[in-house]
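According to Swiss-Prot, the protein has these features:
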TOPO_DOM  1-15  topological domain 'Cytoplasmic'
TRANSMEM  16-36  transmembrane segment
TOPO_DOM  37-52  topological domain 'Periplasmic'
TRANSMEM  53-73  transmembrane segment
TOPO_DOM  74-79  topological domain 'Cytoplasmic'
TRANSMEM  80-100  transmembrane segment
TOPO_DOM  101-113  topological domain 'Periplasmic'
TRANSMEM  114-133  transmembrane segment
TOPO_DOM  134-139  topological domain 'Cytoplasmic'
TRANSMEM  140-162  transmembrane segment
TRANSMEM  166-183  transmembrane segment
TRANSMEM  187-207  transmembrane segment
TOPO_DOM  208-269  topological domain 'Periplasmic'
TRANSMEM  270-290  transmembrane segment
TOPO_DOM  291-301  topological domain 'Cytoplasmic'
TRANSMEM  302-322  transmembrane segment
TOPO_DOM  323-342  topological domain 'Periplasmic'
TRANSMEM  343-363  transmembrane segment
TOPO_DOM  364-379  topological domain 'Cytoplasmic'
Amino acid sequence: MHKTEAQTYLLYDRTLLLLTMGLVGIGLVMVISTSMPIGVRLSEDPFYFARRYAFYLGLAVVLSLVTLGIPMASWQRGSSLILLITLIMLLLVLIAGQSVNGAVRWLALGPWRIQPAELSKLALFCYLASYLVRKAEEVRTNFWGFCKPIGVMVLLAILLLAQPDLGTVLVLFITTLAMLFLAEAKIWQFLPIIGTGILAVMLLIIAKPYRRRRVTSFLNPWDDPFGRGYQLTNSLIAFGRGELWGQGLGNSIQKFEYLTEAHTDFICSILGEELGYFGVLLALLMVFLVAFRAMSIGRKALAINQIFSGFLACSIGIWFSFQTMVNVGAAAGMLPTKGLTLPFISYGGSSMLIMLTAIVLLIRIDFETRLAKLQAFVR
């Protein structure tokens, strides 16, 4: 068999796997670098957060090996159950959740915490993909069929906003609309939903003083650099110090608790300070290449009528792209802060578990697509 023929029969996406491994490697290095100061302050252990990150990474790898063996047909059949479990977990958060910085988003399992909001993304997208398998024609021809998945998203949004978690709600909203667009819903159906969504976001911002402060500080952070603009000004200072090539790995000053949440929501700022604009550009290029591979895998699955797999893969690509744009946009002062992680790079156990599960689903979808083509060729 010639080399080109051997590549044709490769039954997994090697590019996707290598990109993911690269991003996880960058994430591990940056979490070690950014979390040392806060680790020393909280536990007198500079590697406290690095150890936890490594634990979650190991757990994610084990979970991924299990997930890889589950056929996509099983995910389709279990999508409603996954959504139901997610709804129950979100309710439990409101009843017995742990509060951090005024937000109740975590369930405690001994010394570990899980964030059901992260699971809500994958659960909703699995459910929507399953819904589109059954009701694609109804979505295209009937406004009620279009509104049903929006209703499910709104139910999740209500529970998430009670935590509160507007950032996750925006990810769910944008990705849901994008999936319906890919399902060829009529443009006029989107107009009232988008209008209502914009109005709802404006009202939510007005209703909470801390959200208003985020918007005003985003518009002019230098007006109050030691008050409501403190976080953003320090983020911009980090980018400014990094310039093109950065100060060198480990040489950030802003991570010494000038910039809070340096290892989570604002890790991109420290990445820019230590590795420069070049380092940020490389990391973003890798994330968007992962998203592009997801969309490509989805397109190929749809082409051979694997509808559930195709829509799920596309939703993962849209999710990663939008979340990355919001995270980097907030760190660079182009968007108000939303509390979303930078995929695979920010510290966050629940985020790591869910996003690596999503990657494994992409690999499984691609495997089934390639296998179906190979079997058709053999026949």
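Using the three backbone atoms N, Cα and C, a Cβ is placed for every residue, glycine included.
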When you check the transmembrane segment (166-183) against the transmembrane segment (270-290), do you get at least 3 Cβ pairs under 8 Å, counting only pairs 6 or more apart in sequence?
no
Near the transmembrane segment (16-36), which residues from the same chain, at least 6 beyond its ends, have a CB less than 8 A from one of its CBs?
46-50, 53-54, 57, 249-250, 252, 255, 262-263, 267, 270-271, 274, 283, 286-287, 289-290, 293-294, 297, 343-347, 352, 356, 359, 362-363, 366
How does the model score the topological domain 'Cytoplasmic' (291-301) in terms of mean pLDDT?
96
Determine whether the transmembrane segment (140-162) and the transmembrane segment (80-100) share at least three Cβ pairs under 8 Å, counting only pairs 6 or more apart in sequence.
yes
Please give the sequence-distant neighbours of the transmembrane segment (53-73): residues at least 6 beyond its ends with Cβ less than 8 Å from one of its Cβ atoms.
24, 27-28, 31, 35, 306, 308-309, 312, 347, 349, 352-353, 356-357, 359-361, 363-365, 368
Decide whether the stretches the transmembrane segment (270-290) and the transmembrane segment (80-100) have at least 3 CB pairs under 8 angstroms, with pairs required to be 6 or more apart in sequence.
no
Count, for each of 114-133, 187-207, 343-363, the Cβ pairs lying under 8 Å from the transmembrane segment (302-322), and report the range with the highest count.
114-133
